[in-house]
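Asks: Below: one structure in C-alpha cells.
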Amino acid sequence: MPGPVDDGPAGAGRAARWAVPVVYVTAMCMNGLDATIVNPALFSIATDLGVGPAAANLVEGSFLASLAVSMPVAGWLCDRYGAARVFLAALALFTAASALCGLAWNLDSLVGFRVLQGVGGGVLTPAGMTMLFTAYAPEERMRLSRYIVVPTALAPALGPVLGGLLADHLSWRWAFLLNVPFGVAAVLLGLAAVRVPSPGAGTAGRFDLRGLLALWVLKDRGFLRGAAAASLAAAGLMGMLFVFPLMYQDALGASASDAGLVLFPEALGLMAAGFAVDRVCARWGERRVTALGLLGGAALFAALALTAPGPWTLRAIMFSVGLVLGHAVTAVQISAFDDVAPEVMGRAMTLFQSLRMLGGALGVGLCALAIPVGYPAALLVAAAFLAAAFLAAALIAPTVRPADG
C-alpha cells in the first residue's frame, strides 16, 4: 500500500483535498477526546485495578507529561521525514497505545501505555498542522478552518459525558478502545490517499535538544512570566478536573455518568470564551482580563471545596470555570508573545505549550498528594495554583495599548 509521498506542489492535488482534512480532524478529535474522557472514569479505574483514588493521578499525569516531552521534537521530525509521514506514524502509535490501555492488566501497565499514547499525541498536533498548512494555500486555510474548528472543539467537550457513560454502562476500558476503529480507519485512509508535498523533508540538521527547546526565549521577562502564569493556571485547572470527579463519586456517591454531566459545562465555557475573548480583551485589556479570570477561577475552586451545591449549581460553576479561565489563559498567552521575534515564534510557541502540559501534570500530582488530607484540601491546592498564576501574571510588563488604561 502506498504511503504519503513527497510529491512537490502538484502532490497536494485532488486526493489531499479531501483526505488531508478528514484524517486531520479524525486524529484531533481522538486526541482532544482523550484529554477529557478519562477523568470521570478514574474512580472506576482505581477501583477495578485495586488502587486508591489518589494513585489514579498517574494515569492522567503520565499522559500530560509525555505530551509535553514529545511536542518539541515534532518540528525536527517533520523536517527530517516529512510532515505526513510523521503525522501518520504518530497516529498509528496513538491508536496502538489506546488499544493497549484498554487491555491493561494493572496500574503500572496502564501508566506505561498512557506514556506511549502521550508521545503519539504530543507529535500529532504540530505535525498535523504542518501537514494541513502544506496541503492548502494561505488563502484557502480560513475557509477550511470553518469545517475543522467545530468538530475539534466538540470532541473534548463531549469527553466527560462519554467517559462517564462508558464507565457506568460498559467498562472504563472503552474510554480507550473507542479510539481504535477511528484511528485504524484514519491511518489506512492516510496511507492510501494522502499526498502532501514536504519541501523541507531531509533538511533537518543534527538533533539538538537544547536548540529545539529554545530555553533562551525565557530570558524575555514577559514571555517567562506569561509562560509561568499559563503553566500555573494549567496546574490548577487540570488538578481540579482530576480531583472533582473523584470527590463527586467517592465522597458524594454519584455515578461516573453524573460526574461527566457535571464536568461537561466546563468545556462549553471554554468554547464560549474562545468566541468572545478577542472582543473582551479589546474592551478591557489583556492584563485586566487575565487578573479577573484567574482570581475568579480561584474563587470558584474554593466554592467547590467549601460548599455543597446541588447538581445544577455545580454545572453553573463548571461553566463559569471554563468561561473565566478560557479568557484568562488566552489573554496571558497573547501578552506573553508581545515581544517574541517572528523568527523564533514557532519554537517559542512549542516551549509555551510544553510548559503548560508540564504544569498540568504537576497540578494533578500535587493535588493527588493532598487527597489523603481530604478532597476539599486538594481543591484548595488547585485554587492556590490559580492564585499563584495571578501573581505571576501581575508581573508581566504592561504593553502600550489604550485598552489597558
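Note: Cβ is positioned from N, Cα and C throughout, glycine not excepted.
What you are looking at is a predicted structure, and each value in this text was computed from that prediction instead of being measured.
The domain 'Major facilitator superfamily (MFS) profile' feature in TrEMBL is assigned to 20-401. The transmembrane segment feature in TrEMBL is assigned to 86-105, 111-135, 147-166, 172-194, 223-247, 259-277, 289-308, 314-337, 349-371, 377-397.
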Asks: Which one, 172-194, 349-371, 377-397, has the most C-beta pairs under 8 Å toward the transmembrane segment (86-105)?
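Replies: Comparing 172-194, 349-371, 377-397 against the transmembrane segment (86-105), the winner is 172-194.
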Asks: Tell me, please, if the transmembrane segment (314-337) and the transmembrane segment (147-166) are in contact, taking contact as 3+ Cβ pairs under 8 Å between residues separated by 6 or more positions?
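Replies: Since fewer than 3 Cβ pairs under 8 Å link them, the transmembrane segment (314-337) and the transmembrane segment (147-166) do not come into contact.
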Asks: For the transmembrane segment (147-166), which stretch among 111-135, 172-194, 223-247, 259-277, 377-397 has the most Cβ pairs under 8 A?
Replies: 259-277
Asks: Quickly jot the same-chain residues contacting the transmembrane segment (259-277) by Cβ under 8 Å, restricted to those at least six beyond its ends, or write none.
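Replies: Counting only partners 6 or more residues beyond its ends, the transmembrane segment (259-277) has Cβ contacts under 8 Å with 36, 39-40, 43, 153, 156-165, 241, 244-245, 248-249, 289, 311, 314-316, 318-327, 330-331.
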Asks: Report, as numbers and ranges, every residue of the chain located at least six residues beyond the transmembrane segment (289-308) whose Cβ falls under 8 Å of a Cβ in that stretch; write 'none' if there are none.
Replies: 229, 233, 236-237, 240, 244, 277, 280-281, 314, 317, 320-321, 324-329, 331-332, 335, 375-377, 379-380, 382-384, 386-387, 389-390, 393-394, 396
Asks: For the domain 'Major facilitator superfamily (MFS) profile' (20-401), what's the mean pLDDT in this predicted model?
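Replies: Here the mean pLDDT over the domain 'Major facilitator superfamily (MFS) profile' (20-401) amounts to 84.
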Asks: Between 111-135, 223-247, 377-397, who has the most Cβ pairs under 8 Å to the transmembrane segment (349-371)?
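Replies: Per the Cβ count, the answer is 223-247.
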Asks: Counting only pairs 6 or more apart in sequence, are there at least 3 Cβ pairs under 8 Å between the transmembrane segment (223-247) and the transmembrane segment (377-397)?
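Replies: Since 3 or more Cβ pairs under 8 Å link them, the transmembrane segment (223-247) and the transmembrane segment (377-397) do come into contact.
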